[in-house]
Amino acid sequence: MADQLSEEQISEFKEAFSLFDKDGDGTITTKELGTVMRSLGQNPTEAELQDMINEVDADGNGTIDFPEFLTMMARKMRDTDSEEEIKEAFKVFDKDGNGYISAAELRHVMTNLGEKLTDNEVDEMIREADVDGDGQINYEEFVKMMLSK
């Protein structure tokens with residue numbers, strides 16, 4: 001996951017990590033995490049802090065080292081910037097701007113991307129994403145489909 005980050009992002013995260021790592025020992029404890037979160041106006045409980053650490057503490061030692069921190073940041077970034085990207089992608093597919101992606105619109109975009117799909121393949125893609133069964137994909141269905149891949 002962290003391999004999807006640019007050099008610039010990694011160096012920014014290194015700075016952020018140093019801010020968290022108050023005693024400079026190369027790891028972030030729940031206490032250090034709490035201090036930084038509170039300075040950012042958050043008020044996490046001890047249990048929440050422990051959960052945050054456990055979520056990314058790959059080696060299970062109770063602290064976060066830099067590689068674990070990078071993984072956490074990469075996850076967060078994927079989650080946030082994907083929302084914007086998904087909105088943009090939906091607009092690309094929804095040619096007529098009516099809030100729905102039809103089979104024809106899907107076929108058109110896929111063809112432009114160099115994916116020659118049969119009618120059956122296009123219908124199958126629509127069916128997989130079409131939760132409410134109206135034969136087209138609305139924004140919610142599109143988001144679900146994009147986040148589940």
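Glycine too: its Cβ is placed from the backbone N, Cα and C atoms.
Because the structure is a prediction, the values reported are computed rather than measured.
The Ca(2+) 1 binding site annotation in Swiss-Prot covers ASP21, ASP23, ASP25, THR27, GLU32 and rests on sequence analysis. Per Swiss-Prot, the feature Ca(2+) 2 binding site maps to ASP57, ASP59, ASN61, THR63, GLU68. If you look up Swiss-Prot, you'll see ASP94, ASP96, ASN98, TYR100, GLU105 marked as Ca(2+) 3 binding site. Marked as Ca(2+) 4 binding site by Swiss-Prot on the basis of sequence analysis: ASP130, ASP132, ASP134, GLN136, GLU141. If you look up Swiss-Prot, you'll see 8-43 marked as domain 'EF-hand 1', on the strength of sequence analysis. Taken from Swiss-Prot, the feature domain 'EF-hand 2' covers 44-79. Swiss-Prot lists 81-116 with the feature domain 'EF-hand 3', giving sequence analysis as the kind of evidence. Taken from Swiss-Prot, the feature domain 'EF-hand 4' applies to 117-149, supported by sequence analysis. The annotation N-acetylalanine is assigned in Swiss-Prot to ALA2 on the grounds of similarity to another entry.
Where Swiss-Prot records a feature, it is marked here on the structure.
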| residue | record | contacts (Cβ under 8 Å, 6+ apart) |
| --- | --- | --- |
| ASP21 | Ca(2+) 1 binding site | THR27, ILE28, GLU32 |
| ASP25 | Ca(2+) 1 binding site | none |
| ASP57 | Ca(2+) 2 binding site | THR63, ILE64, GLU68 |
| ASN98 | Ca(2+) 3 binding site | none |
| GLU105 | Ca(2+) 3 binding site | PHE93, ASP94, LYS95, ASP96 |
| ASP132 | Ca(2+) 4 binding site | ASN138, GLU141 |
| ASP134 | Ca(2+) 4 binding site | none |
| GLN136 | Ca(2+) 4 binding site | TYR100, ILE101, SER102, ALA103, ILE126, ASP130 |
>> A 10 Å Cβ contact count, applied to the binding-site residues ASP23, ASP130: which residue has the minimum?
In response: ASP23
> List, by number or range, the same-chain residues at least 6 past the domain 'EF-hand 4' (117-149) whose CB is under 8 A from its CB atoms?
Replying inline: 82, 86, 89-90, 93, 99-103, 106-107, 110-111
> Which three-state DSSP class does ASP130 (Ca(2+) 4 binding site) fall into?
Replying inline: coil
>> Restricting to the domain 'EF-hand 4' (117-149), what is the model's mean pLDDT?
In response: 87
> For the recorded Ca(2+) 4 site formed by ASP130, ASP132, ASP134, GLN136, GLU141, which further same-chain residues have Cβ atoms within 8 Å of the site's Cβ center?
Replying inline: TYR100, ILE126, ALA129, VAL131, GLY133, GLY135, ILE137, ASN138
> Since the record lists THR27, ASN61, THR63 as binding-site residues, which of them has the fewest other Cβ atoms within 10 Å of its Cβ?
Replying inline: ASN61
>> Using a Cβ cut-off under 8 Å and a sequence separation of 6 or more, which residues in the same chain sit near ASP59 (Ca(2+) 2 binding site)?
In response: ASP65, GLU68
> Which residue counts does DSSP yield for the domain 'EF-hand 2' (44-79) in the helix, strand and coil classes, in that order?
Replying inline: 25 helix, 2 strand, 9 coil
